[in-house]
There are 2 protein chains.
Amino acid sequence: MRIVRHLQLDEWLPVIRILGLLLCVVAVMMLVPLFILLKEDDGDARAFLISLGITLGSAVLMLAISRKVELELKPRAMFVLTTLSWVLVSAYSSLPLVFGAPHLEVTDAVFESVSAITTTGSTVMSNIEGLSDGLKLWRGLMQWIGGIGIIVMAIAILPFLKVGGMRLFQTESSDWSDKVLPRAGGVAKAIGLVYVGLTLLAILTYWLGGMDGLDAVVHGMTSLATGGFANYDSSMGVYSDRPHLLWMASFFMLLGALPFVLFIRAWQDRAGVLWCDAQVRGFLRLLGWVIAALTLYRVINGEALFTALTQVTFNVISVVTTTGYASDDYSAWGPFAVVAFFYLTFVGGCSGSTSGGMKIFRLQIGLIMLGNHLRSLIHANGVFSQRYNGRALPDEVVRAVIAFSFFFFITIGGLALALSFIGLDLITAVTGAATAVTNVGPGLGDIIGPAGNFSTLPDSAKWLLCIGMLMGRLEILTVLVLFSPSFWRK
Amino acid sequence: MRIVRHLQLDEWLPVIRILGLLLCVVAVMMLVPLFILLKEDDGDARAFLISLGITLGSAVLMLAISRKVELELKPRAMFVLTTLSWVLVSAYSSLPLVFGAPHLEVTDAVFESVSAITTTGSTVMSNIEGLSDGLKLWRGLMQWIGGIGIIVMAIAILPFLKVGGMRLFQTESSDWSDKVLPRAGGVAKAIGLVYVGLTLLAILTYWLGGMDGLDAVVHGMTSLATGGFANYDSSMGVYSDRPHLLWMASFFMLLGALPFVLFIRAWQDRAGVLWCDAQVRGFLRLLGWVIAALTLYRVINGEALFTALTQVTFNVISVVTTTGYASDDYSAWGPFAVVAFFYLTFVGGCSGSTSGGMKIFRLQIGLIMLGNHLRSLIHANGVFSQRYNGRALPDEVVRAVIAFSFFFFITIGGLALALSFIGLDLITAVTGAATAVTNVGPGLGDIIGPAGNFSTLPDSAKWLLCIGMLMGRLEILTVLVLFSPSFWRK
Ligand SMILES: [K+]
Ligand SMILES: [K+]
């Protein structure tokens, strides 16, 4: 009762309004497959028409409730808005999967749309080749919307909420002290343009590389979003005989995992901004070493050099950027590769990109902390300066990064335990939890490995994995604070 | 060259002297099985005679080199001494296994003795029933020496070296600012008495419970040492039809994982000192919840209540105290139990006990840190006091605990990767690395699970696991600093 009394409607009207606006975006996105399906005279058009109606209806209702409201958000409302926006967009996005030809059960449809919007890319659908063009496009579009959502959230919202050490990337554009929308406008627009531009570039490149039109569009969108949905059950395995396509995809996945603000700066200053950034350098170096080591391992085990290099590069980049395409069953590459890919699942790309996982900057800050600690054991009275990317590293950021890491692994551990209770074996439970929270996509083992599919899991496991994907996407703490009673007290 | 110049012999003579004294202890210990074997007129007597000769010879040589040296140790020498003492004692302890009836290869003998001295309890030996009484006793004695070694190290050495937040337990007895031996004397003697007393109590209890003499002695020693070597290939499984023995063993394993200084204080004050201690309470609560949950899981899966309770209690206590006896193949209890036991491997008992793992106090301090961080996200300007066990918790300790945790998991992760490179599968590599570094004993999977054995692993894997067991026992950082170049500079 005491809690309810404090929940004044005024505080939440702006939240409802922004959610309503987001649903309008979803509705507009639904127009794209609808238009194509109508042109192709496909039965799925009806599914999109119904979904569009429901989404637009809800949006209008929410906007009507919150008419003439100032878009002023307090931190508390921001936490709630951020979490709800992912949940709601996922929920409404699942509608075409229920009403369309595959007629998925609600659990499967929600799993697929949460997996899409969070850009995880785990799928419960099979015979994807047989879907209508509209539904293929919709799967790609969902990931693409999710991708831009993440970047905007990472640049404009999370630093303000001090989640996971993201304050490190606080810029003017993330200073929300008064009003929300006007300030973020400039950067958001520029980022949006870069995102659209790079996606179009990827689509064009894939098309010139020999993909058919729809494949180029969907794969272009899911590459930049580091989403990982493909138009084929064997994912990118269909292109294994056309290695140039795998190299192209590697390149665009890599772009999707770089900090998007740096693209803008690189464009403005025409300088080596990207290579000067500590996070980007660490990311590329790590990829270089891992690809070299695993290629060597493959060659030692009898694979031809070019094939090994292509397959290792593609699949390593796919996992580290948290895209999750697979071009080969890397779980059959030998135990060293299996363990390596298990670890790589956690890494993630750069902050401010579409990728998930721990993120490179957190690993780097962790290493700085550990190095300093080791030095302090040896030189008892030494004082060690902490610097990162050419600037002093505040203790507050280090603490936030550490806390994030713990919460990250505790979430994965708890989720794995819950999955094992449902009956999933150790490897499926642990790698399933990990791949969900890191938003990578494939796990390990016979069931959910790179050659597998999530469809056979029990419904309860699918719902748990949905929670995991959403928590991972929201950098865990954004969700966790909502479950603290003191959060809801004035 | 620059490094060598700084290594003046003076600094290291005290180290050599203390190592020589430790080898004398090993030699004295060898007298016990030798005496029994001579009485039984067993061929293994010769093996112990040779081993004793080599050990005593080395000891005398080392003491001769370091005659008339003041036992004054600088921190640097202390790090080296601590690490070397475990390596050397393990090495010399392996001799009877090479010269005795099983005639183990050097790799196997060293693995077995490192596993014994570090109280890990993983074994490469089979048909343990067929060993001579002397060798059975020797396996128990090695663990027993290791057990007291750990307690002394945890109370008197590690707090001084500031390793892993152990400074929290710094008392007068761990203030080494001037000379080494005299100060620690009092507490060390009292702890030694408690250790001997409790071991005798365990032996007597086991004997009254129906074990034969030698089994009571060996199991008494390996229970208090939370070592886990048993006189049977099926470990404590031989007592599954005599549940009272499993309950007795559960009790003594539990004692072995409690802080030994508290036994002294409890004895002196005759008060509820043990139950007032935050670490002990957290430990018992954790055990209570885990046992309740797993018993319920077993009962739901059709096991009888008393059998379920007995087996769950015994095996959970065995893993959490890092003893590593098995009375049943818990890896066949279903996926939830498998994942739970995997997690429990990392937990460990209380600091200042014979147990390994992360230790309860580190988990508690981690939780305090995480709770404070969550609160700081909600109340941006709040200041939160950190208290543990009724006292203020210094930031320095929190940092050390966090750094330890990271190094702990990085060590396990690195070791697992190396093991996978040798060809061990994911589960064997990861749980093998974990069980070595936590000094628990059994891993998971078909090969090294509770029903398995380490004998079939490749030699290189055995050596890597030896390094893992020693690093775990030395709380990782004690070893890591030795590999830092700046450690060796003046
Ligand atoms: K993904
Ligand atoms: K053990």
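Note that the numbers count up from 1, one per residue, in the order the chain is shown.
Just so it is clear, glycine is given a Cβ too, placed from its N, Cα and C backbone atoms.
What you are looking at is a predicted structure, and each value in this text was computed from that prediction instead of being measured.
As recorded in TrEMBL, the features of this protein are as follows:
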- A:12-36: transmembrane segment (TRANSMEM)
- A:48-65: transmembrane segment (TRANSMEM)
- A:77-99: transmembrane segment (TRANSMEM)
- A:T119, A:T120, A:G227, A:T322, A:T323, A:N439, A:V440: K(+) binding site (BINDING)
- A:141-161: transmembrane segment (TRANSMEM)
- A:187-208: transmembrane segment (TRANSMEM)
- A:244-266: transmembrane segment (TRANSMEM)
- A:332-352: transmembrane segment (TRANSMEM)
- A:397-422: transmembrane segment (TRANSMEM)
- A:461-483: transmembrane segment (TRANSMEM)
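Recorded features from TrEMBL, shown on the structure.
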residue	record	Cβ within 10 Å
A:T119	K(+) binding site	32
A:T120	K(+) binding site	34
A:G227	K(+) binding site	34
A:T322	K(+) binding site	33
A:T323	K(+) binding site	38
A:N439	K(+) binding site	30
A:V440	K(+) binding site	33
Fill in the blank from the handout: Lying 6 or more residues past either end of the transmembrane segment (A:397-422) yet within Cβ distance under 8 Å of it, the residues of that chain are 162-168, 358, 361-362, 365-366, 368-369, 386, 428-430, 432-434, 436-438, 458, 460-461, 464-465, 467-468, 471-472, 475-477, 480
Handout entry: Leading contact stretch, A:12-36, A:141-161, A:187-208, A:332-352 vs the transmembrane segment (A:461-483) - CB distance under 8 Å
Key = A:141-161
Practice task
For the recorded K(+) site, whose residues are A:T119, A:T120, A:G227, A:T322, A:T323, A:N439, A:V440, find every other residue on that chain with a C-beta no more than 8 angstroms from the centre of their C-beta atoms, and list them by sequence position.
Solution key: A:T118, A:G121, A:A225, A:T226, A:G228, A:G324, A:S355, A:G356, A:T438, A:G441
